[in-house]
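Notes to accompany the following structure.
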Amino acid sequence: MNGNKSRIWIGRIIYLILAILFTLCIFTQIYLAGMAIFMNPAVWLKHMMFVHLFGFNVPIFMLIFAFIGALPRWAYWQLFGIFTSIFLMYFSANMRTNFPWIGPLHVIIAILLLGLSCLVVGKTWTLIFRKK
């Protein structure tokens, strides 16, 4: 039984670390977009390439460690929201030539994704470190 508790605790800690990493990556993406707009358009390439390093990879590992850490149902719904938001980010970036009105949604979705990722970190932190 004790091994099961340590497995759950380790799974939750790794999930929290991945959630923090994902939040920092989203923040970096928004910062790179701002740099490309206000400083140097060449940064767009970094913005476009950086997302491929973490976009779906980190949330997939988060899903695996959510199972290992036996996280509550809300964690899976939040991950579903993250996956949906990432899909919408790709969609809004790639369909803007066909549907120009979709392009500006890219920024709004990014801000929502940053908020959601901060919520994931906060709720997971509270779950792990709350006093019982």
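Including glycine, each Cβ sits where the backbone N, Cα and C put it.
Residues or ranges marked as transmembrane segment in TrEMBL: 12-38, 50-68, 75-93, 99-122.
Contact counts against the transmembrane segment (50-68), taken as Cβ pairs under 8 Å, peak for 12-38 among the stretches 12-38, 75-93, 99-122.
Only residues 6 or more beyond the boundaries of the transmembrane segment (75-93), in the same chain, are considered here, and those with a CB under 8 A from a CB of the stretch are 15, 22, 51, 55-56, 59, 62-63, 66, 102-103, 105-106, 109-110, 112-113, 116-117, 119-120, 123-124.
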